[in-house]
Amino acid sequence: MGGVAVDEGTEGVKAPDGGWGWAVLAGCFVITGFSYAFPKAVSVFFKELILEFGVGYSDTAWISSILLAMLYGTGPLCSVLVNRFGCRPVMMVGGLFASLGMILASFSTSIIHIYLSTGVITGLGLALNFQPSLIMLNRYFSEKRPLANGLSAAGSPVALCCLSPLGQVLQYQYGWRGGFLILGGVLLNCCVCGALMKPLVAPKTVQAEDMEQEEVKRTQAADMKKPKGKLLDFSVFKDCGFVIYTVAASIMVLGLFVPPVFVVSYAKELGNEDTKSALLLTILGFIDIFARPTCGVIAGLKWVRPRCVYFFSFALIFNGVTDLVGSQAKDYASLVVFCIFFGISYGMVGALQFEVLMAIVGTAKFSSAIGLVLLMEAIAVLVGPPGAGRLLDATKNYMFVFLLAGSEVVLSAVVLATYRRVQSKGGTREGQVVDMAKEAGNE
């Protein structure tokens, strides 16, 4: 009950920017890692699943697609649950769902069973952890929020570097069924992370016990009379800044995830061996690990933070141009250079995307805003990589795939750049610039 009350009204509670917030950050780091890395790490079991069920690679690829679709598409549901029950209970239940899905999958007798267990149940469990963890991080950090976002976002490449080798070892030692069962146990750590999400409580004034009890009764009576708060606040769509961000983010997702999916196949197409080609993803992930927290530190600087929207636009342009230049790669060395620059720009985007959303809508509406944004991105996630695959089938040339991805990301930066023009005409919520200035320590 206490979590519900605080989740509905934390506006008067000052973010501690430390203290227990570091424990919340640690939990968010782990949850972000599981959420983004798990759909990729589970792909190490695809070969055994193909042999077990007699299906094709495209059939097994749906496992990761469903996982991502659940992670993004259930955003509004997560917002409603968080606004109703609070972050901690939702995350605890989500951890149980994430674990249960993998355990059930280990007993599957068809690929459909894995779609339902790993894809739907585990995907829902990860979604119920990912979004609430970001909401709690937003409540615990204000001045240090860019750094906190950068550090939590680093959980994605770190987890990918750990979960993929772990999956390979488990597959070799125990087979895919034993591997799924053990990974289900690993996902129970989501419950531990959920337990770390202690609700913020306003400091109490010194008063007599009977006065406090009387005040509690009076508050409960008032709560029964007043209308309940909105479980999903659609008023964020009245904010032009939010609408611009949502459109830009949806276009961004169309192309952002395409290069990591196709770069290994691109290297093989150029005549490189499998091990050497797979090393490209390791290089990309290693650079990404350091790029995210570094970008968080830069975004927290006093002269950068009020302009974080511009910084995000620059990151998108950097990423898109990297794709456009990388499309001209003709040998392995040029692909290595591409992965280095892509890792830097990809890390910048990952560190800034939710920081910018928090700055645009504010703390009070963030729980609803992120759910609606993730829902829009879910559609783009399902369209982006498959669309690029169709283009590859039609042209038989990876250059066009990377050109398309780069163009989409650059277009998203152009859309986001219109934010400032709308803001100057009074199209965004009043007081937004003041709030950002306060957070940057200018007031």
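Placement of Cβ uses the backbone N, Cα and C atoms for every residue, glycine included.
The structure displayed is predicted, hence computed values, not measured ones.
Feature annotations, courtesy of TrEMBL:
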- 20-38: transmembrane segment (TRANSMEM)
- 21-424: domain 'Major facilitator superfamily (MFS) profile' (DOMAIN)
- 61-82: transmembrane segment (TRANSMEM)
- 89-108: transmembrane segment (TRANSMEM)
- 114-135: transmembrane segment (TRANSMEM)
- 147-166: transmembrane segment (TRANSMEM)
- 178-197: transmembrane segment (TRANSMEM)
- 242-267: transmembrane segment (TRANSMEM)
- 279-301: transmembrane segment (TRANSMEM)
- 308-326: transmembrane segment (TRANSMEM)
- 332-354: transmembrane segment (TRANSMEM)
- 366-386: transmembrane segment (TRANSMEM)
- 398-419: transmembrane segment (TRANSMEM)
Beyond the flanks of the transmembrane segment (366-386) by at least 6 residues, Cβ under 8 Å: 7, 65, 68-69, 71-80, 82-83, 131, 134-135, 138, 230, 232-234, 236-237, 242, 245-246, 249-258, 261, 354, 357-358, 360, 408
In contact by Cβ distance (the transmembrane segment (61-82), the transmembrane segment (242-267); 3 or more pairs under 8 Å): no
Same-chain residues at least 6 beyond the ends of the transmembrane segment (89-108) whose Cβ lies under 8 Å from its Cβ atoms: 3, 31, 34, 78, 81-82, 114, 117-118, 120-129, 132-133, 177-178, 180-181, 183-185, 187-195, 197
Recorded stretches the transmembrane segment (147-166) and the transmembrane segment (398-419) touching, at least 3 CB pairs under 8 Å: no
Positions on the same chain near the transmembrane segment (332-354), where near means CB under 8 A and six or more residues out: 134, 146, 149-150, 153-154, 156-157, 249, 252, 256, 259-260, 263, 266-267, 270, 272, 276, 280-281, 283-296, 299, 308, 311-312, 315-316, 318-319, 322-323, 325-326, 370
Stretch among 178-197, 279-301, 398-419 sharing the most Cβ pairs under 8 Å with the transmembrane segment (308-326): 398-419
Model confidence over the domain 'Major facilitator superfamily (MFS) profile' (21-424), averaged pLDDT: 83
Other parts of the chain folded back onto the transmembrane segment (178-197), taken as Cβ under 8 Å at six or more residues beyond its ends: 23-24, 26-28, 30-31, 34, 38, 42, 45, 87-88, 90-92, 94-96, 98-103, 105-106, 118, 122, 125-126, 129, 132-133, 136, 167, 170-171
